[in-house]
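Undergrad: Per TrEMBL, the feature domain 'G-protein coupled receptors family 1 profile' maps to 39-288. According to TrEMBL, the transmembrane segment annotation covers 24-47, 59-84, 96-116, 137-156, 201-224, 236-258, 270-290.
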Amino acid sequence: MENQTSTSEFVLLGLTSDPHLQSLLFFVFSVIYFITLFGNMVIMIVISTDPHLHYPMYFFLFHLALIDICYATTIVPYMLVNFLVKQKSIDFSACILQMSLILLSAGSEIFMLSAMAYDRYVAICKPLHYQVVMNKLVCRQLVGGAWAMGVLHSIINTLPMLNVQFCKYTEIKHFSCELPPLLTAACGRIFLNKQLLLSSAVIFGSSSFLLTLISYIYIISTVLKIQSAKGRHKAFSTCSSHLIIVILLYTTALFQYTKPHSVPSFILDQLFSIQYSILTPMLNPIIYSLKNNDVKTAL
């Protein structure tokens, strides 16, 4: 076995090697990708053109849709190509680039969801101070901070991967160059990389989750103090769609990035990755459109 060179290529084994099943999956994921692009672009266009949606909540939703487009586009197009070709190889530099963009998108998304949770906290718990607290500068700082955390998360895990040694022929048991399966396929020492992955997943994931959790603790306690059932329902409906997305994302992504490597779960890894990196970007605009009367009216 030879060490990594500048011409190293990886082989993505993908979801299946059955030609008939690959044709079916190509159609399914093509539809999913189209819905993802169309849905999120419609959300972005509606928010940017409708004056009634020029509020902090929709400013965050605009950037969440942008992140979802980036997330899906990083993974799905190359995945679709691999369904059609026999040689499912990817160049080392292209693989590392895809991995870094996945890390950037994932990191930005979880902190964008935290910013949206804080926005809902201010709207429900401090409605009289909402316009003052959530001014344009604060909104831009929160969005900029979410993107910056995504970039930092990507850099922390990408730079050490440049020194990892791989065999000349390396199979990746996945449909994309996601970091956990990439580390599993390495031939050299990866102890530091594993520790960085686990530490960054715990620190970034738990901090964003903690911010979201604290916001919802205050939200729920405030909603429960509302006397009328109609008032409680109205208050909770403003954040129910966001809560659904948070649950879908965290339950799968945190398990994928923090589970022990001794757990043999190849199929489970694939399903969880599909959930948080492909299905969630598709579901976001659908859930927000169905659960939000302002967006439905604008549409």
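Glycine is treated like the rest: Cβ placed from N, Cα and C.
Automatic, uncurated: that is what TrEMBL annotation is.
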Undergrad: Look over the recorded stretches 24-47, 59-84, 137-156, 201-224, 270-290 and say which has the most C-beta pairs under 8 A to the transmembrane segment (96-116).
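TA: Looking at each of 24-47, 59-84, 137-156, 201-224, 270-290 in turn, the most contacts to the transmembrane segment (96-116) are made by 137-156.
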Undergrad: Who are the chain neighbours of the transmembrane segment (137-156) in space, where the CB to CB distance is under 8 Å and they lie at least 6 residues beyond its ends?
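TA: Distant contacts of the transmembrane segment (137-156): 56, 59-60, 63, 67, 100-101, 103-109, 111-112, 114-115, 118-119, 196, 200, 204, 208.
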